[in-house]
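These notes concern the structure reproduced below.
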Amino acid sequence: MKFENVLAEVNGFGRFQIRTILLLVIPRMTLPFHFLLNNFIAAVPSHHCDISPLDDGDLFRNLSELEKLVVSIPAQQDGSSHSCKMFAEPQYHLVWNGTNSTDPLKIPCTNGWWYDNTTFKSTLKSMNRATATIFFMGVMLGAAIFGYLSDRFGRKRTLLVSYIATTLFGFASAFSYNFPMFVAMRFLTGVGISGISIVSIVLCVEWVDIKHRTYVGVLMSLDWSFSTVVLPALAYFVNDWRSLTATVTAPLLAAMITCWLPESARWLISTGKVDRAHFYLHQCATVNHREDFMADLKPEVAIFLFFNILLHYQMRRLALLTGIVWFGVACTYYGISLNVTGFGVNIYLTQFIYGVTEVPAKAFIVFFLNKIGRRLTQVGTLLLTGLCIFCNIFIPQDQVAARTTVGALGKMFAEAAFTTVFLYTTELYPTVMRQNGLGYSSFMARIGVSVSPLMMILEETWIHLPNTIFSAVAFIAGLSASFLPETRNIRLPETIEDVEQKRRNQRVMAAAEKQQSRVLVLDLIVFKVV
């Protein structure tokens, strides 16, 4: 009996599956908290040269604070104070509305900077791109490590290890006493949290039947969207970087206490641990009130051999295409997400808008995944993401509303692409290599995430260069996705042979259809002759 048939008999979407999903909501909440944390803990508040040590006699001391700022700091074109320059001497004529035919001498800040702490009590200042890249390098490494551990030792054990690691290093980040220690702890936090990201989705999908796989895949991504909306509110009230880092890590304490997760019966069968698989299937049947079926089911030994992914043509092809798609999805998603200050809107409002736009993305993605399938949905969302990023190049910087709207649309399509690629990839790889496949794909994604903050630095060369690259990456990823097979309403492959056999069957069907078309043409020719 196929595992899908067994799962259908014990109810592939009952109370047991819902309980499992709910147990994973709390730890998955921490994913967007940590992935987008750098937007707040490393934000650069508005600042200017520190003029408090200046003393130019009674005339200067009698000025108000605003007047001291006017005579000491040059104004930029938008009227704001220059952040890195000051006048060599106070320019009193600027207060008295006088004129000066000569251009005043401007010099770099001599006494450091003054920062506006009304928005942020304390941050890491200008370390945003550096800390983000280092964190995602940790996520990249963690994807490879936890992908292997999950296929080697099981989903449940690996998930518990990732909970502990993320909690330990997350709190260590908050209490770091110097920047090198903070960077190291953030890197290790990224390693740990990668396990939560890739193992939780696989565990849920492997317990769900074909009919409900799409809904569960999208439902599992809703916690990301809602947490993205919650994060700016959380950061607004907890505006110290240490306290915020500890706060976003705290939910994992509850996750460890309430962890009654089942192991994947599908993985247990694929590794020959049939007795344990029977135990969890019996547990599933009991919770879903299907005990009668399990009484007649006897455990049978079914060991699937583990093959190297590179030894099979279809697996090599699958790895290449999914790697490109994941790189493109992640690079463009975080290229938008980590640029919350690039639209001229309050950082909290921008993050809130980004989070809200992800919710409708989940609604329409369910419809398209069921109606047109995974492949066309993946291609379409990537192309639309690239189109939105490309269109923003031509919108003037002063049109804040238009740029924010197009950016939010791009974020919505990017989130839809991310939701699709998680579900799509778990359906493409066989059970014996599903976690390894998802780990490898996530590894490629984190490469894309790691380089996206560095790509933004290229705006110093040409302001539109980052967006040009992001849009090109999205288009290439969309093209690559078009070569992947469709998986809608298809059983999950259990072994590598299933993947290879599917391709051979497709070739046989294509040859048969071609032969049928030739026969049809011959019949038409004969009919005309007659």
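Just so you know, glycine gets a Cβ as well, placed from its N, Cα and C.
Per TrEMBL, the features are as follows:
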type	residues	note
DOMAIN	20-489	domain 'Major facilitator superfamily (MFS) profile'
TRANSMEM	21-44	transmembrane segment
TRANSMEM	130-148	transmembrane segment
TRANSMEM	160-179	transmembrane segment
TRANSMEM	185-208	transmembrane segment
TRANSMEM	215-238	transmembrane segment
TRANSMEM	244-261	transmembrane segment
TRANSMEM	318-336	transmembrane segment
TRANSMEM	348-369	transmembrane segment
TRANSMEM	376-395	transmembrane segment
TRANSMEM	407-425	transmembrane segment
TRANSMEM	437-458	transmembrane segment
TRANSMEM	464-484	transmembrane segment
Intrachain neighbours beyond the transmembrane segment (437-458), with Cβ under 8 angstroms and 6 or more residues off its ends: 128-129, 132-133, 136-137, 139-141, 143-148, 150, 194, 197-198, 201-202, 309, 318-319, 322-332, 334-335, 338-339, 421-422, 425-426, 428-429, 465-466, 469-470, 473
Long-range environment of the transmembrane segment (215-238) - Cβ separation under 8 angstroms, sequence gap at least 6: 13, 17, 21, 24-25, 28-33, 36, 40, 200-201, 204-205, 208, 244, 247-248, 347-349, 351-352, 354-356, 358-359, 361-362, 365-366, 369, 415, 418-419, 422-423, 426
Non-local residues, at least 6 beyond the ends, that sit with Cβ under 8 Å of the transmembrane segment (318-336): 35, 136, 309, 354, 378, 382, 385-386, 389, 407, 410-411, 414-415, 417-418, 421, 425, 428-429, 437, 440-442, 444-449, 451-453, 455-456, 466, 470-471, 473-474, 476-478, 480-481, 483-484, 499
Folded-back contacts onto the transmembrane segment (160-179), same chain, C-beta under 8 angstroms, at least six residues removed: 27, 30, 34, 124, 127, 142, 146, 149, 185-186, 188-189, 191-196, 199, 242-243, 245-246, 248-249, 252-253, 255-256, 259
Residues of the parent chain within Cβ reach of the transmembrane segment (244-261), under 8 Å, 6 or more residues beyond its termini: 20, 23-24, 26-27, 29-30, 33-34, 37, 40-41, 156, 159-160, 163-164, 166-167, 170-171, 173-175, 189, 203, 231, 234-235, 238
Average pLDDT across the domain 'Major facilitator superfamily (MFS) profile' (20-489), rounded to a whole number: 83
CB contact flag for the transmembrane segment (185-208) and the transmembrane segment (376-395), at least three pairs under 8 A: no
Same-chain residues at least 6 beyond the ends of the transmembrane segment (407-425) whose Cβ lies under 8 Å from its Cβ atoms: 201, 205, 213-214, 217-218, 220-221, 224-225, 322, 325-326, 329-330, 332-333, 336-337, 339, 342-343, 353-354, 357-358, 360-362, 364-365, 369, 374-375, 377-378, 381-382, 384-385, 388-389, 392, 437-438, 441, 484, 487
Residue numbers, six or more beyond the limits of the transmembrane segment (21-44), whose CB comes under 8 Å of its CB atoms: 119-120, 123-128, 131-132, 135, 139, 163, 166, 170, 189-190, 193, 196-197, 200, 203-204, 216, 219-220, 223-224, 227-228, 231-232, 234-235, 241, 244-245, 248-249, 251-252, 254-255, 258-261, 334, 337-338, 340-341, 347, 351
